[in-house]
Each structure stands twice: as C-alpha cells, then as structure tokens.
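**Student:** Below is one structure. I have some questions about it.
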Amino acid sequence: MKILGIDPGTRNCGYAIVEKNGRDLKLIEAGLIKIKTKILQEQIVEMTEGLDLLFKNHKIDQVSIEDMFYAFNPKTVIKLAQFRGAISLKILQEFGNFSEYTPLQVKQAVTGNGKATKEQVAFMVKRLLNVKKEIKPLDITDAIAIALTHAQRL
C-alpha cells in the first residue's frame, strides 16, 4: 500500500510516498512542491498541478495531510487555509477521502513525545526508515512523518 503524506505550506509543500507491506515500511519518494510565483491564485494553481503530477506518476492508495496548526499571524492562517482548501478539494476529487493528523499526533506517533522538536522528528524518521543520508528541508521530513503516522494506524 502506498501512502502519500503532505505537509502543506504557503511557499513549499512537503510530500512523501511511503510504501507499507505488512510491517515493513519503505520510502519511495519525498520532496517539495515548490511555489515560484507570489500571486496567491497562481500559487494555488502551482500547488494543485504539483499534486496532479504526483497522482499521475504514482499509484497512491491513501493520502494523509497535516491538520492546521495555530499561527500568530492571522494573514498566514488565512493563506494556509486557502491552500489546504485547494489541496483538500484536489485529494477529494482524486481519492474521495483522506486522513488528517495534528502536529501533536504526528510527533507522538513518530517519536513517542507530542512535544518533540522538528529535529527529533527528523532523527526518528531516518531511523524508522533506515535512511542514512540527511533529509532536508524539514518540510520533507514532516511529510514523511505524516505518512508514517498514517501507516501506523492501518
């Protein structure tokens, strides 16, 4: 079973495809959907086109996405909500449903500590998947952690 994990952002969107076969987990691909334009509507189009490519290039079975977190800047929250809405619609059109996990749930699932740092999550992601090289930026590690969180619940 291939699971797509998505860490939505307003500048980049981390993604990871993890394959679960019984108890075995394997990282198939991870990266960023990079947003190049500064115009919101065009950013949303770039994001959804990036998702389209992932859907077409991989036989994805399930999708998991990080739930919104609290931010101090209301403009950031509104912009992120617009991105999440577009991402959610694209996923629903393609798959009919998806799972959402809060940052606390992801940290708890991957590290055993809901207050873990991003660096601790990155360390455990590498360890759980037996990845030797550095995974950067942390948006990618977060997306992998989201996919792993979903895999644990299957």
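Placement of Cβ uses the backbone N, Cα and C atoms for every residue, glycine included.
The feature active site is assigned by Swiss-Prot to Asp7, Glu66, Asp139. Among the features that Swiss-Prot reports, Mg(2+) 1 binding site is placed at Asp7, Asp139, with the record citing sequence analysis. If you look up Swiss-Prot, you'll see Glu66 marked as Mg(2+) 2 binding site, on the strength of sequence analysis.
Let's see these features in context: how buried, what's close, how far.
**Tutor:** Look at Asp7 (active site): DSSP puts it in a strand.
Listed in sequence order, Ile6, Asp7, Pro8, Glu100, Tyr101, Thr102, Pro103, Val106, Asp142, Ile146 are the same-chain residues six or more apart from Glu66 (active site) with CB atoms under 8 A from its CB.
In sequence order, Asp7, Gly9, Asn12, Cys13, Gly14, Leu32 are the residues of the chain that are 6 or more apart from Asp139 (active site) and have a CB within less than 8 Å of its CB.
Reduced to three states, the DSSP call for Asp139 (active site) is helix.
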